[in-house]
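Pulled from Swiss-Prot, these are the features on record:
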- Glu117: active site, nucleophile (ACT_SITE)
- Glu208: active site, proton donor (ACT_SITE)
- 33-221: domain 'GH11' (DOMAIN)
- 1-19: signal peptide (SIGNAL)
Amino acid sequence: MVSFSSLVLAASTVAGVLATPGSEQYVELAKRQLTSSQTGTNNGYYYSFWTDGGGQVTYTNGNGGQYQVDWNNCGNFVAGKGWNPASEKAVTYSGSWQTSGNGYLSVYGWTTSPLVEFYIVESYGSYDPSTGATHLGTVESDGATYNLYKTTRTNAPSIQGTATFDQYWSVRTSHRQSGTVTTKNHFDAWRNAGLQLGNFDYMIVATEGYQSSGSATITVS
């Protein structure tokens, strides 16, 4: 994954009922659907969709802070909505998320100077993100315990191209698909563990998949 580790089944079914090729609704839906990497703004939210091009992945921007992603035998992808630049804000999200294999639902983002990729993992599939990571302790936040980890990626994709950078992880011990994440608690916990955060780039509530299939419909605020 762009990490330890990308979107048309449910959307196309609805489109078949509500919109026909050439209709205004069909054209508008097509504008919102993405199958290749792209970033931008939609309904006041920043969105980011990155895919390595493997398998079938369709990302669709919905109303407000909502997005949908469907994937089938994907390579690796990360997609979601949020903010650019990020801040130490409380992030609220809700919806449905499921995968038959390796995937994460997380508050995800980057900093620069230093270049850091960070994850606050709310739920994950068959692959435990703590595998091979250095455990740095725990933090209590939003009614749960999160385990803190650090890893290093070498010559990997990043917001600055191929680079070597650290990943910071905060992994919730009890999985969930809705709630509020007080991001400041996690940023402070990483700092207290001796990890340096740089200047905030973007932060999204992300769905990520790696060599798996699944679907997600998430609303952020």
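Our numbering is plain: 1 for the first residue shown, then up by one each step along the chain.
Using the three backbone atoms N, Cα and C, a Cβ is placed for every residue, glycine included.
Summary for the active-site residues Glu117, Glu208: the Cβ-based neighbour count within 10 Å is maximal at Glu208.
Separation of the C-alpha atoms of Glu117 (active site, nucleophile) and Glu208 (active site, proton donor): 14 Å, rounded to the nearest whole number. DSSP assigns the residue listed as 'active site, proton donor' to a strand segment in the three-state reduction. Residues belonging to the domain 'GH11' (33-221) score a mean pLDDT of 98 in the model.
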